[in-house]
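Here's the structure, in structure tokens; my notes come after.
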Amino acid sequence: MATLYDIAVAAAINILTAFAFFIAFAILRIQPCNDRVYFPKWYLKGLRNSPLSSGVFVKRFVNLDFRSYLRFLNWMLAALQMPEPELIDHAGLDSAVYLRIYWTGLKIFVPIALLAFSIMVPVNWSNGTLEHSGLTYSNIDKLSISNVPTGSPRFWTHLVMAYVFSFWTCYVLKKEYEIVATMRLHFLASERRRPDQFTVIVRNVPSDPDESVLELVEHFFLVNHPNHFLGFQAVYDANKLFKLVDEKKKMHNWLDYYQLKYVRDPSKRPTLKTGYLGLLGNRVDAIDFYTSNIERLAKEISVEREVIANDTKYVMPAAFVSFKTRWAAAVCAQTQQTRNPTIWLTEWAPEPRDVYWENLAIPYVALAVRKLISGVAFFFLTFFFMIPIALVQSLANIEGIEKAVPFLKPLIETHFIKSIIQGFLPGIALKIFLIFLPSILMLMSKFEGFISRSALERRSAARFYIFQFINVFLGSIITGTAFQQLNSFIHQSANDIPKIIGTSIPMKATFFITYIMVDGWAGVSGEILRLKPMIIYHLKNFFTVKTEKDREEAMDPGSLSFNTGEPQIQLYFLLGLVYAVVTPILLPFIIVFFGLAYVVFRHQIINVYNQEYESAAAFWPDVHMRIIVALVVSQLLLMGLLSTKQAAQSTPLLIALPVLTIWFHFFCKGRYEPAFVRYPLQEAMMKDTLERVREPNLNLKGYLREAYFHPIFKAGDDDSEMDEANEVEMVQKPELVPTKRHSRRHTPMSSIGSDAPLLNQPAPNL
């Protein structure tokens with residue numbers, strides 16, 4: 001059991017680690033050679049020039065202005081100075097709202113901590129229950145509810161505080177939901193025009209023996225949306241082509257590397273082995289090898305493009321359909337298209353950057369099977385992962401280490417080393433054990449077939465949260481209780497076991513305190529150092545960079561990893577709400593995390609991260625729901641604890657609390673969530689009217705023509721004989737075969753997807 005001294009040692013280690021990271025960052029960020037590592041976003045926006053281009057040679061790589069080293073914490077003030085509206089323009093709404101999650105944590109837990117330390121801590125401390133209990137405990141546990149005697153009237157204080165904390169949390173959540181919903185609507189109604197405002201994706205297009213998918217889509221929307229349909233973009237199964245182009249790009253990189261190597265030393269041609277990992281096989285000339293492979297891949301790419309262009313089996317039963325107005329797109333996206341609800345399924349198209357093209361080629365009927373397989377795999381992953389986590393938790397303590405390596409027992413029993421192990425090792429062990437989990441969950445989400453990156457990340461985040469709730473939170477409590485109180489379980493009667501569990505759960509707060517310090521304090525401060533991107537950038541800069549474009553590609557700005565970051569934040573919400581009444585000493589550690597993370601990630605969003613997509617804060621309902629879940633869990637656990645404490649008079653009054661919290665969730669869901677799943681027709685009409693007045697000659701058809709090209713077609717290929725014009729013709733203007741429906745006769749106009757021009761007007765009438 002970790003003592004107060006152990007926690008102090010762990011806190012000192014993590015504080016020193018965080019401070020060391022900040023000092024290292026402050027020094028490295030002002031060195032000219034690292035400018036692209038710590039400010040890549042400004043380079044991508046074209047608003048920053050490289051300091052390496054001019055000046056004295058030494059000054060181009062090392063900052064000789066010693067006064068700048070004294071201002072090593074100025075970055076914190078700079079990160080807080082940018083107003084939120086400017087931050088939204090600079091980084092997008094997703095990034096700004098992501099920061100509000102940390103700000104919400106501060107707004108919830110700072111007042112709760114003040115109340116808890118002024119009321120709860122004195123009530124818990126002024127008892128002597130643990131001293132006479134025979135249980136293993138520390139001074140920190142004397143600050144918890146475990147130190148209140150069974151049946152004490154003091155439990156009324158905990159009940160009242162539970163109501164106060166719950167009402168305050170709900171009040172903050174309601175205000176934040178309202179603010180974020182308003183921000184989203186304002187963002188969507190902003191003057192900035194985006195292709196997804198005019199586009200829906202239609203899936204599960206029914207098969208027809210007389211018409212191709214291209215003809216079916218055009219005919220259906222010309223008939224059912226005759227005054228608003230503008231055009232469509234077919235969805236192609238280009239996954240094989242994508243792999244070929246990706247392989248060719250990798251070959252080009254290796255060719256550039258060996259050519260640069262040969263330029264530096266012309267006396268010797270570089271060679272390589274063609275076998276496994278370059279260790280086996282015949283030795284050949286590296287430049288000739290990659291040149292011949294690139295030529296082969298260029299031919300395969302050209303053939304594959306022709307096959308896709310001429311074979312209808314590569315056309316998927318889905319399409320991106322564009323409309324003349326936002327109002328028309330909103331109507332189509334939010335209504336049922338036919339009497340059969342299983343076909344012609346329409347929804348808002350993701351932003352072009354947000355589309356996950358590989359999954360568009362998955363047949364719609366296969367998605368249900370994929371989801372079932374993924375769900376079963378996640379179930380087994382979650383519950384079988386408990387076994388190794390329990391083993392790690394059991395070994396990451398003094399007894400486990402002494403059994404594994406008995407010859408180290410004299411060293412381990414040293415007071416300082418023992419404190420480090422008990423206060424630091426369990427959190428580190430758990431953190432290392434979870435490193436590969438996000439990647440596994442993301443692969444499972446991709447297998448399920450989501451068509452947007454934002455949906456992939458939200459799905460992965462939901463599963464990561466469930467996993468952490470079951471394994472990290474419940475698993476750590478259960479295994480920790482079993483191992484720490486094993487002696488009590490053996491020697492006490494069966495009737496006393498519930499009381500022992502109820503007393504032991506609050507004691508697990510010491511483990512979570514160490515975990516917060518390792519993962520939250522040291523982890524967040526390590527995020528700003530960007531050690532891995534810095535090393536990779538300098539290696540690329542030294543070996544492969546030849547041009548300014550190469551140098552830009554060597555930068556790795558990264559982005560907000562919502563699938564890992566948000567579930568981690570939610571774990572801290574869960575811990576804070578569960579232990580606010582039970583063990584309030586944990587709250588200051590959580591507040592430090594939220595404050596530190598808010599400043600660090602604000603700096604990263606302003607200067608580093610380049611968000612890959614924009615979902616207009618579509619993730620906020622998930623954030624709200626998970627905090628509500630944490631609140632309900634905290635109420636149920638407190639109810640269970642008080643029942644083991646024989647607080648018969650106060651415990652029944654807690655039953656109303658989760659009921660009221662769930663009612664509050666449904667109130668917020670009905671009041672605010674529609675803003676995140678629907679687009680108001682009034683807003684769409686207002687925006688369309690404004691745009692019609694300001695830009696009467698807008699060529700919307702031209703604006704949307706290339707918006708939803710598959711990147712593999714849009715980007716083209718340097719060595720391919722197919723030029724960009726031919727690619728546009730292949731993807732956007734398929735040859736239509738006359739059918740029995742003669743859609744040209746029965747519809748008033750053609751679309752983007754057809755060869756004929758618009759019959760009624762030269763350009764869309766907006």
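For all residues, glycine too, the Cβ spot is worked out from N, Cα and C.
Summarising the annotation, TrEMBL assigns domain 'CSC1/OSCA1-like N-terminal transmembrane' to 7-176.
Here TrEMBL flags 197-359 as domain 'CSC1/OSCA1-like cytosolic'.
In this model, the domain 'CSC1/OSCA1-like 7TM region' (370-642) carries an average pLDDT of 79. Annotated domain 'CSC1/OSCA1-like 7TM region' per TrEMBL: 370-642, in sequence order.
Positions annotated as transmembrane segment by TrEMBL: 6-28 (among others).
Counting residues 6+ beyond its ends, the transmembrane segment (108-125) has Cβ neighbours under 8 Å at 142-145, 147-148, 154, 157-158, 161, 164-165, 168-169, 172, 573, 576, 580-581, 584-585, 587-588, 590-591, 594 in the same chain. The transmembrane segment annotation in TrEMBL covers 108-125 (among others).
Packing against the transmembrane segment (155-173) from elsewhere in the chain are residues 104, 107-108, 111-112, 115-116, 119-120, 123, 145, 148, 577, 580-581, 624, 627-628, 631, 634-635, 638, 642, 645, 647, 649-651, 653-654, 657, 660-661, 664, 668: each is 6 or more residues past its ends and has a CB under 8 Å from a CB in it. Among the features that TrEMBL reports, transmembrane segment is placed at 155-173 (among others).
What TrEMBL lists as transmembrane segment is 372-396 (among others).
Taken from TrEMBL, the feature transmembrane segment applies to 416-443 (among others).
Per TrEMBL, transmembrane segment is recorded for 464-483 (among others).
What TrEMBL lists as transmembrane segment is 569-602 (among others).
Through the fold, the transmembrane segment (623-642) approaches residues 101, 104, 145, 155, 158-159, 162, 166, 169-170, 173, 176-177, 465, 469, 502, 505-506, 566, 570, 573-574, 577-578, 580-582, 650-651, 654-655, 657-658, 661-662, 664-665, 668-669 of its own chain, all at least 6 residues removed from its boundaries and within a Cβ separation under 8 Å. According to TrEMBL, the transmembrane segment annotation covers 623-642 (among others).
Positions annotated as transmembrane segment by TrEMBL: 648-668 (among others).
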